[in-house]
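> Have a look at this one.
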Amino acid sequence: MTKKLTIKRKVKEPEPQNEAPDSHESSDNEEEEEEDLLQAVKDPGEDSTDDEGIDQEYQTDSSEDLEFESDEEGNYLGRKGAEGSSGDDDEESAEDEEEEDDADAKKSSKNNDEEAATTSKSIKKSQEKPTSSNKVVPVVPARDPSKVEYADSDTSDEEDIRNTVGNIPMHWYDEYKHIGYDWDAKKIVKPPKGDQIDDFLRKIEDPNFWRTVKDPLTGQEVLLTDADIALIKRINSGRIPNEEHDEYAPWIEWFTSEVEKMPIKNVPDHKRSFLPSGSEKKTVSRMVHALKMGWMKTTEEVQREKQEKRGPKFYMLWETDTSREQMRRIHDPVSAPKRDLPGHAESYNPPPEYLFDEKEAKEWHKLKDEPHRRKLHFMPQKFKSLREVPAYSRYLRERFLRCLDLYLCPRAKRVKLNIDAEYLIPKLPSPRDLQPFPTVESLVYRGHTDLVRSVSVEPKGEYLVSGSDDKTVKIWEIATGRCIRTIETEDVVRCVAWCPNAKLSIIAVATGSRLLLVNPKVGDKLLVKKTDDLLAEAPVLDVIENERIKTAVQWANAEPADQEKGVRVIITHFKPIRQVTWHGRGDYLATVMPEGANRSALIHQLSKRRSQIPFSKSKGLIQCVLFHPVKPCFFVATQHNIRIYDLVKQELIKKLLTNSKWISGMSIHPKGDNLLVSTYDKKMLWFDLDLSTKPYQTMRLHRNAVRSVAFHLRYPLFASGSDDQAVIVSHGMVYNDLLQNPLIVPLKKLQTHEKREEFGVLDVNWHPVQPWVFSTGADCTIRLFT
């Protein structure tokens, strides 16, 4: 059964303002579109987008009616106007009209060229103008429907992807005007969306509406081909999508299904497999002998002995005997509070200080109306002997009030708070959340023959210098562990320090009473040459040095023999040097001589080659000194206390109380607000310089004396080395908010050093860039933990 709908197409005369000469305004593209449209009108049967079983024909009569035939499913174009009401007559003459329409279409195709041209122009104008509910807009497919999308290959991996956003939810672009980006990084604008009326008209008028889908990547409408529709139908019906696939192909038996009965080995059973086991026979005979001798007991005997040990079992016949007594009594009775015991004031002969004077007696009588405000509910009296004590006049009243309290006052139990000890411990973050920090031993630098006392790292983090009791200074390459240079000295090397200024290559070596300024000759050659030029000539001093300074320290250039080793300047002190430290800029350095009394600490200026003694009096045995990283402050640590001096004003700023027996070392935070102190009495002290002069936190993490502590320059980490051969790495976060306390969390205990003569780890130092820590020990090694 077919239906025929007629659409009247009225060709309007073009308006005069839109007319233009054909020879000037028509372009090549317009001519091509007109030819395509004429070809589509002449050969409607060649359209590959029509579904099977749907015949569509064009009829061009003198009345300019356009007719379509459709099946019962309703796939036909809508109609404009009120014509086409004769549906039953068309059904009866459907076959005759089809033949007439074919003939009329061929004859009238030539006569309707002008009408087709006019129609193509109207279609172009309708595409350029926005659609309305009264006009039908032709749907232009996004691709050629006659061309199979994956005709050249069997996969969709090589399809033409115009939107490069990838496999993401496309609803992310709902709020934007574009839907993605093309290969030229230009926005793909969303096509205009019609309203419900436009969708309804398209559904009525477009015969391909049912096979049109929307591409979510580009927003364009794609017309499904016959092959796509056939594939969808096969999938919906539960069949295999590929039509060429044979589901019932003959089975090819690649491997045999018959069970092979031949054994892998056909060795006859041994004779001993048919005979009883000799070892089991011996075991059974031993058990029988043990049972006869009474050494071994049967299961029944063991159970009988257990029952005898338990004894008879008694139980209550009536369980209510005890519960009845409990029900008769008051549940959970609260005992009466006891009266306070008498004190010295209630004695018949109290001490004089408990007696009231005139003023106290007057105040006691004044509070007669408010007895609860009195200090005592009675007035103390003094008698010479117990015989003179009269009867207590308030005895009956107090007994009566006591009975009232017991009878009328409610009693309640005070619940004691059972606080778990773990609840009071502050909750610390997990060490996994505080990474990175060193966890394993990566390298061991071997080469020294005696204990290594000090270690220092180059500012760039490529080289390492170490000083040992074997009177040598070794320069190592950190990455490979190779010893690049060894410098021999005349005495034990107590301390080494690399200049923190990256523009200079200088190592300060404290050996005996001499301070050596060494050029290691590693790294950039221009930097090495610049350092030699700086230390080559001594500047002229305008200020005459004091005799007190001349007797304490002397500057001199190194001898030619020492020059070959790399030593450039030698600063000779009058006492053995224990520690040397640099200022952050690399021009000043300080030395400590514990035996120097009031000249124990000296400050040297490298550029002017002069020294100065900052203190005129000795306020204790100086152990170590330190420069502030930002401010012109100088930290001096004695055995028990730490003093902070202002170098500009030359005055004492603060004195830190450590409450320790002996200070071994200290390190300051890069921001300069927190100080870490190590002591020989197994403690580490954290000082908040803005908070108090007493330790903010005392950490007892080691079992022996703590020799050294060090802060990292970049990461919130600090490390400590002790004589228990352990290096403990901790997290120390200092916040910019002054109201928030520092966060201190112990992270890792690294214990790989060996103990030699009660000594363990002697010094620790951090890598300037990486979260790596170096440690020196009495086992003549330097160890790197990463």
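Glycine is treated like the rest: Cβ placed from N, Cα and C.
Quantities reported herein were computed from a predicted structural model and do not represent experimental measurements.
Relevant sequence annotations retrieved from Swiss-Prot are reproduced here:
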COMPBIAS  1-11  compositional bias 'Basic residues'
COMPBIAS  28-37  compositional bias 'Acidic residues'
COMPBIAS  46-55  compositional bias 'Acidic residues'
COMPBIAS  62-74  compositional bias 'Acidic residues'
COMPBIAS  86-103  compositional bias 'Acidic residues'
COMPBIAS  104-113  compositional bias 'Basic and acidic residues'
COMPBIAS  151-160  compositional bias 'Acidic residues'
REGION    1-161  region 'Disordered'
REPEAT    447-488  repeat 'WD 1'
REPEAT    490-528  repeat 'WD 2'
REPEAT    572-614  repeat 'WD 3'
REPEAT    617-655  repeat 'WD 4'
REPEAT    658-697  repeat 'WD 5'
REPEAT    701-740  repeat 'WD 6'
REPEAT    756-786  repeat 'WD 7'
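I would like each feature placed in context: is it buried or exposed, what are its neighbours, and how far apart are things?
Counting residues of the repeat 'WD 1' (447-488) by DSSP class, helix then strand then coil, yields 0 helix, 24 strand, 18 coil.
Residues 453-460, 462-463, 465-469, 471-473, 475, 484, 534-535, 558, 562, 565-587, 589, 591, 593, 604, 606 of the same chain lie 6 or more positions beyond the ends of the repeat 'WD 2' (490-528) yet place their CB under 8 Å from a CB of it.
Secondary structure of the repeat 'WD 3' (572-614) per DSSP, as helix, strand and coil residue counts: 6 helix, 19 strand, 18 coil.
Counting only same-chain residues 6+ beyond the ends of the repeat 'WD 4' (617-655), those with a CB under 8 A from a CB of the stretch are 578-579, 581-584, 588, 590, 592, 594, 597-598, 600-601, 603, 661-668, 670-672, 675, 677, 687, 689, 693.
Each residue of the repeat 'WD 5' (658-697) gets a DSSP state, and the totals for helix, strand and coil are 0 helix, 18 strand, 22 coil.
Each residue in the repeat 'WD 6' (701-740) gets a DSSP state, and the totals come to 0 helix, 19 strand, 21 coil.
Using a Cβ-Cβ cut-off under 8 Å and counting only residues 6 or more beyond its ends in the same chain, the repeat 'WD 7' (756-786) has close neighbours at 436-446, 448-461, 464, 466, 468, 476, 478, 704, 707-715, 717, 719-727, 729, 750.
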> Grab the same-chain neighbours of the repeat 'WD 6' (701-740) for me: Cβ-Cβ under 8 Å, and only residues 6 or more beyond its ends, written as numbers and ranges.
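Contacts with the repeat 'WD 6' (701-740): 431, 434, 436-438, 664-671, 673-674, 676-684, 686, 690, 746-755, 758-766, 768-769, 771, 773, 775, 777, 785.
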> Go through the chain and flag residues at least 6 beyond the ends of the repeat 'WD 1' (447-488) whose CB is under 8 A from any CB in it; none is fine as an answer.
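Residues 494-502, 507, 509-511, 518, 520-523, 565-567, 756, 759, 762-763, 765-770, 774-782, 784.
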> Where DSSP helix means H, G or I and strand means E or B, what are the helix, strand and coil counts for the repeat 'WD 4' (617-655)?
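Within the repeat 'WD 4' (617-655) the tally stands at 0 helix, 20 strand, 19 coil.
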